[in-house]
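Enquirer: Among the features that TrEMBL reports, active site, nucleophile is placed at Cys84. According to TrEMBL, the active site annotation covers His176, Glu178. Under the heading domain 'GMPS ATP-PPase', TrEMBL lists 202-394. The ATP binding site feature in TrEMBL is assigned to Ser229, Gly230, Gly231, Val232, Asp233, Ser234, Ser235.
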Amino acid sequence: MTQHDRLLIIDFGSQVTQLIARRLRELNVYCEIHPYQNVTDAFLAAFAPRAVIFSGGPDSVTRPGSPRPPQSVYALGVPILGICYGQQVMMQDLGGRVEAGEHATAEFGRAYVEQAGRGDEFLSGWFQGGREQVWMSHGDHVAEIAPGFQVLGTSPGAPFAITADPARRFYAVQFHPEVHHTPNGRTLYENFIRLAGFRGDWTMGAYREEAIAKIRAQVGDAKVICGLSGGVDSSVAAVLIHEAIGDQLTCVFVDHGLLRQNEAAEVVAMFRDNYNIPLIHADESDLFLSALDGVSDPEVKRKTIGKLFIDVFQKHAAEVGGAEFLAQGTLYPDVIESVSFSGGPSVTIKSHHNVGGLPAKMGLKLVEPLRELFKDEVRALGHELGLPASFIGRHPFPGPGLAIRCPGEITREKLAILRKADAVYIDQIRRHGLYDEIWQAFVALLPVRTVGVMGDGRTYDYACALRAVTSVDGMTADYYPFTHDFLSETATRIINEVKGINRVTYDITSKPPGTIEWE
Ligand code: XMP
């Protein structure tokens, strides 16, 4: 368990709870999100938070049986901030009154809050311009505030937009300070953590030292295996673990023959030659490509690759002999158990390739040194560990690799064409200084040949689609608005430099309704 000052976020199911955590982490505060069902009296006592935040949520506190925190939270003597549903919970629990939504008082979207009352340390730096823009999203509203509370801010739809009981350091806001559309929201978090006495002791330098000590304590002198994909997460995990236990770590890099141009060589050079990490480079491309021979269904492709990967990884890991631990680059968003109100499993759009099944099958214990980190923190840690910036900032690449960027049957010939086109496209994006603005960019090779004319001759070659999207987390995405000049220059380069492609299209589908990858 971390030694840092800890803040507890009790999750009532808001879509944006993770953003609260990110805002706090940016302010060097260590926090954890836990669903309200798991937060018991005993949990609270063991967690010993220095402050608590109640998230928003979709329920109505006026409904009997709606989500609540344990009432002992109010007796901890620590500051509490209630946001939206969290505000209403606080009011209802402490003797105020909440009314169910009516059209007249519901507020969604941008609103302006004006100062009321005497002001408070919580609002330091706010209301400089008289009023503040905030993001509202509520149906219910507080009709009567709890005894001891006073009003600090009002909006047309929320007379109790900001309320506080300064003596107990309880604060409640109707809006969402964590979202982008509350432009000055960070100030409220800064004020809240300052008045809670946080030292701002969550930094990547400190994290690195602690993580190393923790890995040593967990592993002792046992051997550890790490599956290296070339992605940021597994790379940072490998370098960190190597720093902790040196050559007790062996990395296994499975090359399934579906990687991008030069990718395998770069991974081997970086980890084996640069970091001196023992590395098994398992070139299994023949095996994977023959298993995929004639397969065109996307789900069959994914499942074939996923299953083979586990077998192959296991085989090569066994070469290490006597390993007791498997290292994984699991991140905090994978660990958060979010509150699901939808009930029931959601529809599977794509069966993701992951190595989640490995530990149980191999009888290994897990080392997951990134479990407490968000993606941007992993990047900061990678930077701290000296990984090159160009590597840390790389776009995500899917486990099944180029197989899902080559709709229809995969052949070596198609893969070779795709690799070349992709390399030209990425080079174009880098040359134009656009790489870091784009979440992910790649070429998909389409399973159609089209007629063209080059020189004086007829061509009959493949068409390809360029894809580039902006996104925050890959869950939703929009296409990147390249200029026409960029697109035509890139199309010309691809057709001139890549034999086998005579037509280039740009995919302008957002997600939803499209997905980022083509399969
Ligand atoms: P989609 O295509 O579902 O992709 O919009 C969302 C993000 O996930 C990546 N992706 C994968 N990553 N294993 C992975 O590790 C997979 O099987 C997989 N499929 C898609 C995709 O590249 C995008 O960043």
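Quick reminder: no glycine exception, Cβ is built from N, Cα and C everywhere.
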Enquirer: Give the number of CB atoms, excluding that of Gly230 (ATP binding site) itself, located within 10 Å of its CB.
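Expert: Result for Gly230 (ATP binding site): 21 neighbouring Cβ atoms inside 10 Å.
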Enquirer: Taking the recorded ATP site as Ser229, Gly230, Gly231, Val232, Asp233, Ser234, Ser235, identify the other residues of that chain whose CB atom sits within 8 Å of the mean position of the site's CB atoms, giving them in sequence order.
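Expert: Output for this site, in sequence order: Leu228, Val236, Ala237, Gly329.
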Enquirer: Measure from the Cα of Glu178 (active site) to the Cα of every one of the recorded positions Cys84, Ser229, Ser235, then give the nearest.
Expert: Cys84
Enquirer: If you draw a 10 Å sphere around the Cβ of His176 (active site), how many other Cβ atoms fall inside it, taking every protein chain shown into account?
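Expert: So the number of other Cβ atoms within 10 Å of His176 (active site) is 24.
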Enquirer: Check the DSSP secondary structure of Ser234 (ATP binding site), expressed as helix, strand or coil.
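Expert: Going by the DSSP assignment, Ser234 (ATP binding site) falls within a helical segment, counted as helix.
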Enquirer: Taking just the CA atoms, what is the gap between Asp233 (ATP binding site) and His176 (active site) in Å?
Expert: 30
Enquirer: Of all the binding-site residues given, Ser229, Ser234, Ser235, which residue's CB has the most CB neighbours within 10 A?
Expert: Ser235
Enquirer: About how far apart, in whole Å, are the alpha carbons (Cα) of Ser234 (ATP binding site) and the residue listed as 'active site, nucleophile'?
Expert: 37
Enquirer: Quick one: mean pLDDT on the domain 'GMPS ATP-PPase' (202-394)?
Expert: 90
Enquirer: Looking at Cβ-Cβ distances, which residues of the chain lie under 8 angstroms from Gly231 (ATP binding site) while being 6 or more apart from it?
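Expert: In sequence order, Gly329, Arg394, Pro396, Phe397 meet the Cβ cut-off.
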Enquirer: Determine the minimum-neighbour residue: among Glu178, Asp233, listed as recorded positions, which Cβ has the fewest other Cβ atoms within 10 angstroms?
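Expert: Comparing Cβ neighbour counts within 10 Å for the recorded positions Glu178, Asp233 gives Asp233.
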